[in-house]
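These notes are about the structure you will find just below.
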Amino acid sequence: MELLSFFYLYSFLYFLFTIWKHFHEKRHQECYILSYQCYKPTDDRKLNTEFSGNVIKRTKNLGLNEYKFLLKAVVSSGIGEQTYGPRIMFAAREDSPTLDDGISEMDEFFHDTIQKLFDKSGFSPSDIDVLVVNVSMLSSIPSLSARIINHYKLRHDVKVFNLTGMGCSASLISVDIVSRVFKSHKNINALVVTSESLSPNWYSGNDKSMILSNCLFRSGGCAILLTNKTALKNRAMFKLKCLIRTHHGARDESYGCCIQTEDDKGNTGFHLGKNLPKAATRAFVDNLREIAPKILPIRELLQFLVMSFMKKLKGNRKQSGGGGGGKTSAVDFKTGVDHFCIHTGGKAVIDGIGVSLGLEKYDLEPARMTLHRFGNTSASSLWYVLAYMEAKKRLKKGERVLMISFGAGFKCNSCLWEVARDLDGGNVWDDCIDEYPPESLANPFLEKYGWIQHEDIATFKLPE
């Protein structure tokens, strides 16, 4: 009898130990953002209307049709006059870049932003256990991550990941890598560095599908400090709730819609195909289908299922000669999300996501203002949008932020963050946040260069 009692007691204690171990391990697998720092280049790198026009004029392969196309693209882009370009453009050498131009551009970003992050957070390079760097369109030997390690003298046992070719959705891929490392290593810190190198990637040809990227992409970057240390969770800004990655690279149509290639004259550029919106929509829908059950309340999911069933039923009756009609059913993501952090891939991208999710002007304001002020800074764009929300003091403890990004491949990545404390700290928006949103987002390009629309190709000649 005593042996049986001992067996029951042992089994019960083992059961309690298993439960405790599960929750204890889970506590150390959380992913927190302690701090982040967006990059603001110096004012001598701003691309105002007059300078941008001069850059376009000196691109020798363009004709009147290309000028008209570029004018239409720039005017409708949603990009303002405060964005930044690489120094090679100000030296009028964008069509003849060197390897050093790209590396110098990245070094300037690294040395400014990572140091500011260390200063702001109180961390030192020796505190970093994991380093993830994503810069898609520049690959060097040694790697860019090795340059950071060398400059900041990181520890010899730092775990390093250097990502290239991952496109505008790469920063969430970097966060995903960190969160997975956190699941198998306790009490560590990670540094994510996300940017894009524009210096070696100016397109000098006249293919319309490739000159468009010259108008959209701008210089920027961000450094993010993450941890899974439970002792630091009270200092955290955000806690990662879930992250979903969708990759449609197996589809030829999706794979080829955003691709670095050469035109028929051998000029290297970034091709944006006409089927891009279709590929993006398909990836977006598949991504939402997977993340929705993880972030929305059960009542919303059940309501959606009932409405979808009723709609299908009405559709069958209509086909049989009965009545039909009614509104299209859709999931209301605002029942589980307080703020939407959308990649600034362009005005059409932001507006399209807004329509798909039923978002209002307030929800889209951070992405639209970021596009206007900083342009499309590739994978780092999301963090400028997040910084806008913080600067506007929108982020309160317990609220949830949905990040949505797109990238070549074709990929759609999304994640949900929970705000860990009220946020109203200073950031990259400090010097201009009071000016946003402006009364109008219209840029001066049409006013200055609108005369091109009335030119005739037979008599057209650019003014000196």
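Backbone N, Cα and C define each Cβ position, glycine as well.
Quick look at what TrEMBL annotates:
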type: ACT_SITE; residues: CYS168; note: active site
type: ACT_SITE; residues: HIS247; note: active site
type: ACT_SITE; residues: HIS339; note: active site
type: ACT_SITE; residues: HIS343; note: active site
type: ACT_SITE; residues: HIS372; note: active site
type: ACT_SITE; residues: ASN376; note: active site
type: DOMAIN; residues: 25-312; note: domain 'FAE'
type: DOMAIN; residues: 337-418; note: domain 'Beta-ketoacyl-[acyl-carrier-protein] synthase III C-terminal'
HIS343 (active site) and ASN376 (active site), distance between Cα atoms, whole Å: 8
Shortest C-alpha distance to CYS168 (active site) - which of the active-site residues HIS247, HIS339, HIS343, HIS372: HIS343
DSSP helix/strand/coil residue counts for the domain 'Beta-ketoacyl-[acyl-carrier-protein] synthase III C-terminal' (337-418): 39 helix, 21 strand, 22 coil
Spatially closest candidate among HIS339, HIS343, HIS372, the listed active-site residues, to HIS247 (active site) (Cα to Cα): HIS343
Neighbour count (Cβ, 10 Å) for ASN376 (active site): 25
Cβ neighbours within the same chain of HIS343 (active site) - under 8 Å, at least six residues apart: CYS168, SER169, VAL349, ALA367, SER381, LEU382, VAL385, ILE404, SER405, PHE406
Number of other Cβ atoms within 10 Å of the Cβ of CYS168 (active site) across all protein chains: 27
Protein Cβ atoms within 10 Å of HIS247 (active site), excluding its own: 19
In the chain carrying HIS339 (active site), residues 6 or more apart in sequence that have Cβ under 8 angstroms from it: ASP363, PRO366, MET389, ARG394, LEU395, GLU399, ARG400, VAL401, LEU402
Overall pLDDT for the domain 'FAE' (25-312), taken as the rounded mean: 92
